[in-house]
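So the structure is just underneath, and the comments pick up after that.
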Amino acid sequence: MSEKIEETHQKGHLEVEEAEHHEHKDEISPELEALLQTDVKHGLTTAEAAERLARFGPNELAEVKRNPFLKFLGYFTGAIAYLIEVACIISAVVKDWLDFGIILGLLLVNACIGFIEESKAESALDALRQTLALKTRCWRDGHLVELDVAALVPGDIIVLRLGDIVPADGRLLGIGATGEATEGDLLIDQSALTGESLPVAKNKGKTVYSSSIVKQGQQMAVVTKTGGDTFIGRAANLISITTEEGHFQKIINRIGNFLILITVVLVVIIMIYQLVHFKGTENGKFLTILRKILVLTVAAIPVGLPTVMSVTMAVGAKQLAAKKVIVKRLTAVEEMASVSVLCSDKTGTLTLNELTFDEPYLANNYSSEDILLYSYLAAEAGANDPIEFAVRTAAEEQLEILKGRTHKHEVPGFKVTSFLPFNPSTKLTQATVTKLETNSTFKVAKGAPQVIIRLVGGDDDAVRAVNSLAKRGLRALGVARTVEGNMDQWELIGMISLIDPPRPDSAETIRRCGEMGVSVKMITGDQLIIAKEVAHRLGMQRVMLDAGHLVDADKSEDEITEHVIRADGFAQVIPEHKYRVVELLQKRGILVGMTGDGVNDAPALKKANVGIAVHGCTDAARSAADIVLLAPGLSTIVDGLMTSRAIFQRMRSYALYRITSTVHFLMFFFVVVMAYDWALPAHLLILICILNDLATLVIAVDNAQISARPDKWRIGQLITMSIVLGICLSALSFAHFFIFWKHFGYEPVDHDAPEVDRKLESIMYLHISSAPHFVIFSTRLTGYFWENLPSPIFAVVIIGTQIIALLMVIFGGLTPKVPAGQAIVVLLISFIYFIILDVVKVQMFKRWSFELTAAMVPTSARRTKLASRKAANIQQQRVWDSIDAVRKVAVMTAVVSTFQEKNHVVVAGSKAELEE
């Protein structure tokens with residue numbers, strides 16, 4: 001007997017290591033702590049509750065709704081919009097109703113597109129309110145009453161039972177509804193709040209959070225925080241304060257500010273000059289000059305820019321909708337093209353948020369099928385427990401004998417004669433089973449690893465296996481059965497391992513994002529060891545940090561930001577931490593995407609440049625996001641990146657073309673108006689503006705060259721290239737103006753002159769309509785135009801527009817007639833000239849660099865950035881030099897080692913020969 005005890009002792013001297021659970025701790029002020037000392041058998045009095053309700057407010061989230069009319073008016077703001085609106089007002093003052101109608105129409109079209117596309121979005125705060133419980137059981141005045149959750153106050157004693165949604169943040173009291181001591185822990189599912197994939201066991205003194213769900217047990221708790229002070233309330237507050245101007249709106253405003261500056265400066269100079277030059281004459285009257293200036297202003301400003309941009313994004317949103325990617329905020333389509341870091345929640349986003357069987361540890365020659373069968377026999381049917389559900393689901397999917405059963409609660413060949421459900425004190429379930437074939441009876445048990453190992457008399461190999469699984473973040477369950485013929489002797493079958501597995505397409509999505517220059521960072525509320533295991537399975541690096549690195553008081557914000565940039569992810573975070581990660585990256589000028597599915601992701605989804613809510617997400621996440629995925633998995637994110645980059649290229653090409661046209665127009669007419677007091681008639685200028693901008697709407701369906709890296713608006717480059725191309729176009733315009741005036745005798749006469757004397761109008765109309773318009777064939781790409789030819793419909797519409805202009809000047813009507821030969825030559829020159837400008841554009845792109853930008857416009861920010869880049873390059877070179885040095889030493893060491901081995905062999909051979 002003593003030998004048997006000794007054998008058992010040797011067999012089981014190791015112990016299972018309990019995995020430490022890290023959880024966010026809420027701070028309770030001394031003043032609030034004093035209010036929590038409520039008599040648990042009596043609760044608060046009605047008077048106390050009323051006084052606290054007045055002090056702390058109702059237990060609900062403040063509702064903030066934006067007036068739809070004010071939201072619509074918001075689409076009339078911005079630099080370009082303001083300039084267009086001023087032009088609209090001036091046209092009404094001078095009673096130019098045609099211009100007034102056209103300008104007002106464009107403003108309304110642009111606003112309606114944005115408003116209609118974005119009006120589908122729901123309020124994120126509304127969705128957060130829907131996740132809260134509506135009624136709860138609470139002790140008041142010595143009675144257990146059912147109460148609206150809005151009436152709860154700090155200090156209330158509430159009862160939490162299986163299936164309840166926790167109505168407010170509270171501290172568990174460790175006692176039941178009538179004051180009796182409770183056995184075991186309360187099992188809480190807080191995955192939607194914290195991102196933890198496994199339910200969390202909580203006992204006396206632990207905090208339960210509002211809107212989490214009770215999965216097992218029952219206890220009373222004292223309410224600690226309500227409304228906006230709760231865990232979920234702070235998330236709602238982060239959403240409500242995130243109202244920053246979008247990245248795309250900033251870009252459009254910067255382009256608009258440049259165009260406004262040059263337009264206003266040149267127009268004011270012309271106005272002052274004409275007021276002085278024509279003083280005392282009919283042409284010197286203020287309204288007369290204002291009418292002339294208005295026409296130039298309307299023709300110069302890109303009234304169609306917002307509309308073309310909106311239509312392009314709307315077409316892209318429709319393309320994404322066909323792939324089950326719903327765009328809620330239109331400008332997110334463009335911003336996604338510039339995203340270089342994609343922060344992703346883990347639970348439910350990268351993973352399935354379902355516990356599933358992983359590779360088990362097996363003992364005593366049992367197989368995977370055996371452990372599944374025995375764990376199924378010991379599983380409680382219908383239990384509302386994720387672990388029991390995972391066990392039953394895995395067995396039913398993988399075991400042949402469980403498929404095609406007529407009675408779902410029976411196991412063919414076996415009969416469960418008695419069953420002991422899970423007990424918090426024993427921490428196991430146990431079944432007595434009869435094998436029908438042999439009529440033999442045995443017991444099978446399933447439960448906590450340490451309990452099962454103790455039941456079988458100890459097993460060090462099993463302990464090592466459990467500890468190994470725990471270090472990888474896997475949940476283990478032991479399974480054992482009694483041996484044949486002895487109902488008291490147990491033997492170990494093995495250890496089930498459970499994990500929330502990655503989605504089938506997550507690893508491929510991360511790999512493809514990496515190929516497209518988008519770095520993926522996992523940000524999860526789950527435990528660090530689980531995050532590292534999932535990261536490994538997804539092919540990510542394991543540089544995972546805990547949330548403490550984000551709030552380290554000993555480090556500067558720059559140091560913390562460096563940690564964020566270099567890390568592959570963060571674990572054990574709360575919503576504020578996710579929000580901070582996004583915020584720190586954005587402060588470095590990085591455009592950030594965020595994917596998520598839970599309430600805890602909502603603030604970061606709202607803060608990110610592009611928030612993406614995945615399939616099966618909560619209402620809170622869906623409402624806070626800019627893009628919603630309707631199909632399971634993340635593969636559609638890659639589709640979104642591809643589509644957004646195509647849209648970006650179209651928008652950038654249009655912006656370059658439109659700014660070039662504006663610069664060209666203003667340069668040419670500034671000179672001719674100042675020198676010769678000549679300009680095209682108002683109707684021709686408006687015709688160019690409307691026809692050409694309407695034609696360029698088809699850029700929304702043009703072929704686009706998708707970039708391999710994230711796109712970026714380089715405003716300095718865009719404006720510089722526009723000025724250079726605008727100067728080149730102006731040179732061609734002056735050539736036409738003077739050649740047809742001096743050589744062909746088409747003089748720049750007043751608009752009241754006979755039609756036969758106004759042929760210069762037709763020539764310049766055709767040239768100014770066609771030359772800048774053909775440039776759009778070049779601005780489509782950074783390379784030569786033939787590297788990616790335009791779509792047929794795009795080419796037909798652009799060329800067709802200019803053929804209409806050609807026919808107008810040949811046959812007359814709106815313009816004086818000119819010889820067909822001259823008109824065709826003008827059109828051909830415009831077409832050939834865009835090829836010359838294409839070469840200029842390519843050479844500028846090749847020679848352009850950040851160093852050039854910093855040298856041309858040396859702002860302090862650019863100088864600082866340039867210095868940091870140079871320092872980083874020097875540091876990187878040192879690293880490579882060190883690596884090369886180490887590599888050389890390693891090679892030399894290997895050579896010397898090989899040489900010594902050969903010498904040793906030769907010497908040994910010589911000795912052997914001498915001995916012989």
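Each residue, glycine too, has its Cβ placed from N, Cα and C.
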(message) Quick test of your reading of TrEMBL: among 373-395, 626-648, 764-786, where does it put transmembrane segment?
(response) 764-786
(message) Applying the under-8 angstroms CB criterion, which one of 255-273, 722-744, 764-786, 820-840 scores highest with the transmembrane segment (72-94)?
(response) 255-273
(request) Helix, strand, coil: count each for the residues of the domain 'Cation-transporting P-type ATPase N-terminal' (22-96), based on DSSP. (result) 41 helix, 1 strand, 33 coil
(request) Look at every Cβ pair spanning the transmembrane segment (764-786) and the transmembrane segment (655-676), keep those 6 or more apart in sequence, and say whether at least 3 of them are under 8 Å. (result) yes
(message) So if I exclude everything within five residues of the ends of the transmembrane segment (793-814), which remaining residues of that chain have a CB under 8 angstroms from its CBs? That is, six or more out.
(response) 683-684, 687, 691-692, 695-696, 698-699, 701-703, 755, 762-763, 765-766, 769-770, 773-774, 776-777, 820, 823-824, 827, 830
(request) Report, as numbers and ranges, every residue of the chain located at least six residues beyond the transmembrane segment (722-744) whose Cβ falls under 8 Å of a Cβ in that stretch; write 'none' if there are none. (result) 656, 659-664, 667-668, 671-672, 759-760, 763-764, 767-768, 771-772, 775, 822, 826, 829-830, 833, 836-837, 840-841, 844
